[in-house]
Amino acid sequence: MKIGFIGVGSMAQAIIQGLLKAKLVPAENILIHSAHQAHYENYADKFGLTPQATNLDVAKNSDFVVLAVVPAIAKAVLAEIRSALTKDKVLVSIVSGVSLERLAELTNYDLPILRTLPNINSEFGQGMTAVAVNENLAGDQKDQALSIFKATGEISELPETLFPVFSAISGSTVAYIDFFIDALSRAGVKYGLSKEAATKIAAQTTFGSADALMQSGKTPAEMIDKVCSPGGDTIAGVLAMEEAGFLSSVVKGIDATIDKSTGKTK
Ligand SMILES: NC(=O)C1=CN([C@@H]2O[C@H](COP(=O)(O)OP(=O)(O)OC[C@H]3O[C@@H](n4cnc5c(N)ncnc54)[C@H](O)[C@@H]3O)[C@@H](O)[C@H]2O)C=CC1
Ligand SMILES: O=C(O)[C@@H]1CCC=N1
């Protein structure tokens, strides 16, 4: 099983590192090409991957061709590799906002296609990836395609209509959680902690809270209630955060993310 990456930016590197840690395939079975020769050749050299001179070579020599470029150039790159995309290969897209129908239109209608929306936590095996397949992808070929993302975390098969909201509360939310951790850490610095100590405390607390929530099977509201002692400190903090607009600020951020990914805003 050879997995080729077209584009070796932040997201492709996270998936590649996750695959290497999971040992899904030998490193040399990962083929890469991107816009910057010095970068992709050094990266391939460092991790034992196989560099390819062109996007077309990646497509010709891989069983799974992962399109990992920004949405604006997806069309041009697909035109470049279209002739090599035969139906014994699977096109795997991680590109935000490009539908299965559009991917088929830009390639060949008999091509097996997996559309995904991963997140950057794939690097450490803690990814969360939405997946949707077209009618040409089934059986072993589908299982193998999904195994790429199962190796780097959890997957969720979703209708494409829900991809924008998934992308907002997962792909983009990695940044929003870090934004929250940074805000907590700055509050810690305000009261005398070093930035390093405050960040570690805030990050471990975020990690532990997510883990406890999932292990307990309780709702977030139930977990909040367990921490809010009657007449205590936490309820005072929750009310002050809400007075400052915590909930509506988060939802407005998600609204803006969805509007951007669906082309409602520039
Ligand atoms: N960064 C993230 O957390 C996530 C990103 N995505 C999607 O992943 C895709 C890539 O995003 P990032 O990795 O963040 O962007 P990036 O800018 O870090 O990476 C883009 C890569 O494409 C390469 N590239 C540019 N022109 C090329 C060409 N003509 N042929 C081959 N390679 C070319 C660049 O050299 C670079 O390696 C986007 O479509 C984005 O929607 C999806 C989910 C999460
Ligand atoms: O910011 C972006 O456009 C991509 C899509 C989801 C996460 N990063």
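Backbone N, Cα and C define each Cβ position, glycine as well.
What TrEMBL says about a protein is an automatic prediction, not a curated fact.
From the candidate list Ser34, Ser99, Ser122, Ser147, the residue TrEMBL records in the NADP(+) site shared with Ile6, Gly7, Val8, Gly9, Ser10, Met11, Ala68, Val69, Val70, Pro71 is Ser34.
For the binding-site residues Ile6, Ser10, Ser34, Val69, a Cα to Cα distance of within 10 angstroms from Asn55 (NADPH binding site) holds for Ile6, Ser34.
For Val8 (NADP(+) binding site), the same-chain residues that are 6 or more apart in sequence and have a Cβ closer than 8 Å to its Cβ are Ile16, Ile32, His33, Ser34, His39, Tyr40, Tyr43, Ala68. Here the domain 'Pyrroline-5-carboxylate reductase catalytic N-terminal' (2-96) has, by DSSP, the following mix of helix, strand and coil residues: 48 helix, 18 strand, 29 coil. Per-site Cβ counts within 10 Å over the binding-site residues Ile6, Val69 peak at Ile6.
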